[in-house]
Amino acid sequence: MAAPLKVCIVGSGNWGSAIARIIGSNAQKLQCFATTVKMWVYEEMVNGKKLSEIINTEHENVKYLPGYKLPENVVAVPQLRDAADGADLLVFVVPHQFIRKLCDEMMGCVSERARGITLIKGIDEGPEGLKLISDIIREKMGIDVSVLMGANIANEVAAEKFCESTIGSKVLENGLLFKDLLQTPNFRITVVDDADTVELCGALKNIVAVGAGFCDGLQCGDNTKAAVIRLGLMEMIAFAKLFSKDDSVSSATFLESCGVADLITTCYGGRNRRVAEAFAKTGKSIEELEKEMLNGQKLQGPLTSAEVYHILKQKGLVEKFPLFTAVYQICFEDKPVRDMITCLQSHPEHL
C-alpha cells in the first residue's frame with residue numbers, strides 16, 4: 001500500500017483556519033492521508049504570545065477564527081519550508097499578492113509526487129495580461145494545481161452549516177483526491193474540468209460584491225442590488241470568454257456553486273460587501289477599514305478590480321466592462337460612490 005499522503009496548508013487566516021478544521025478531521029479518518037497536517041502560519045504576536053504557539057497549545061486561531069477549535073493533529077508551523085517539507089498535497093489559502101514569493105520559498109522542498117489546490121480568490125497581471133493564481137503556482141513549482149471555489153463564507157463553514165463548493169481540475173484523478181480530502185456531509189463538492197472558469201468566478205465575484213456594498217451604503221434597496229448581481233454576472237461571463245485560452249468556457253460552470261451561488265452569498269454576506277458599505281457610509285479609506293474591520297487582513301475585491309482594470313486598459317476594453325471599471329475608479333481614483341448608480345443606468349445591457 002502506498003505511503004499516506006502528507007498534507008500542508010499554506011495559510012492560516014480566516015478561511016485557511018476554517019478549511020484546516022475539515023482537513024484535520026478527514027486526515028484522522030482516512031488512511032490515504034497522513035494524520036499530522038502541517039499549517040504554515042505567518043508568525044505574529046497576539047496578546048504577547050506567538051500565534052503559532054497559541055494554535056499549538058490552545059488549538060484555536062484566536063486572531064482569525066476565534067471560537068472554533070482546530071483538530072489537535074493540525075500543527076502550526078511558522079517556517080514555510082518546514083511546513084512544506086516532503087508535502088504531497090499543498091492547499092494554498094493566502095492573499096493572492098503573496099503567492100509568487102511563497103512559491104519561490106518552497107522550491108525544492110515538496111515531494112516529487114506533489115499536487116496542489118488553490119482556494120485563493122484573485123488574479124494577477126503579467127506582461128501578457130491575465131495570469132491565474134493556479135498558473136503561477138504550476139509554473140513556479142512544476143506541479144498540477146486544482147482550484148476550489150464556492151459559496152463558502154468561512155465562519156459558516158467553520159460552524160458546519162451546510163454549503164456547496166466546486167473543484168475545477170484539469171486532471172480528474174487529482175480533483176477527486178482533493179474532494180476526498182475536503183468533503184464532509186455539510187461541505188458538498190462537485191468536480192468539473194473547466195478549472196480556469198471556476199478560478200475566474202472566485203476572483204471576479206469579489207469586484208461585484210464591492211459594487212453591491214456600495215449600493216447598500218447608498219441605501220439603494222434590493223432591486224438595485226439584484227441589478228448589480230445580474231450585470232456583474234454578465235461582465236464575469238464576458239471577461240471569462242474574452243480571456244479563455246482555448247474557448248473552453250462553459251456557461252454551465254456559472255450555475256455551479258463557484259458561479260451564481262458564490263456571487264449571491266458574497267453580495268449579501270461577505271467581507272467585500274461589508275467593507276464597501278462602510279466605505280460608502282463613512283468616507284474612510286479601504287486601508288483604514290481593513291485595519292478596523294478585518295484585523296488588517298487584505299480585502300481582495302478592490303485589489304482584483306485594479307488588476308482587471310489594468311488588463312482591460314491594456315486591451316482597450318474598459319468601456320465594455322462599466323461595472324468593473326466603476327468599482328476600480330471609486331476605490332482608487334476618488335470617483336464618487338454614486339457613480340455606481342450612473343454606471344448601472346448607462347450599462348451597455350440597457351442600450
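Just so it is clear, glycine is given a Cβ too, placed from its N, Cα and C backbone atoms.
In Swiss-Prot this protein carries:
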BINDING   GLY11, SER12, GLY13, ASN14, TRP15, GLY16, ALA154, ARG271, LYS298, GLN300  NAD(+) binding site
BINDING   LYS121, ARG271, ASN272  substrate binding site
ACT_SITE  LYS205  active site, proton acceptor
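Of the chain residues outside the substrate site list LYS121, ARG271, ASN272, ASN206, ALA209, THR266, GLY270, ARG273, LEU299, GLN300, GLY301 have their Cβ within 8 Å of the site's Cβ mean position. Of the recorded residues, the residue listed as 'active site, proton acceptor' and LYS121 (substrate binding site) place their C-alpha atoms 9 Å from one another. Note on the binding-site residues ARG271, LYS298: the fewest other CB atoms within 10 A surround the CB of LYS298. Largest Cα to Cα distance within the recorded NAD(+) binders GLY11, SER12, GLY13, ASN14, TRP15, GLY16, ALA154, ARG271, LYS298, GLN300: about 18 Å as a whole number. When secondary structure is read from DSSP and collapsed to three states, LYS121 (substrate binding site) falls in the coil class. In sequence order, ASN206, ALA209, VAL210, GLY213, THR266, LEU299, GLN300, GLY301 constitute the residues six or more apart from ASN272 (substrate binding site) in its chain with CB-CB distances below 8 Å. Taking only the Cα positions, the spacing between TRP15 (NAD(+) binding site) and ARG271 (substrate binding site) is 12 angstrom. Here the Cα atom of LYS121 (substrate binding site) is found 13 Å from that of GLY13 (NAD(+) binding site). Sorted by the number of other CB atoms within 10 A, the recorded positions LYS121, LYS205 start with LYS121, the lowest. For the binding-site residues GLY11, GLY13, counting C-beta atoms within 10 A of each C-beta gives the highest total at GLY11. Whole-number maximum of the Cα to Cα distances across the substrate-binding residues LYS121, ARG271, ASN272: 13 angstrom. In the three-state DSSP classification, LYS298 (NAD(+) binding site) falls within coil.
Reduced to three states, the DSSP call for ALA154 (NAD(+) binding site) is helix. A sphere of 10 angstroms centred on the C-beta of ALA154 (NAD(+) binding site) encloses 20 other C-beta atoms. Using a 10 Å radius centred on the Cβ of TRP15 (NAD(+) binding site) and all shown protein chains, the other Cβ atoms total 23.
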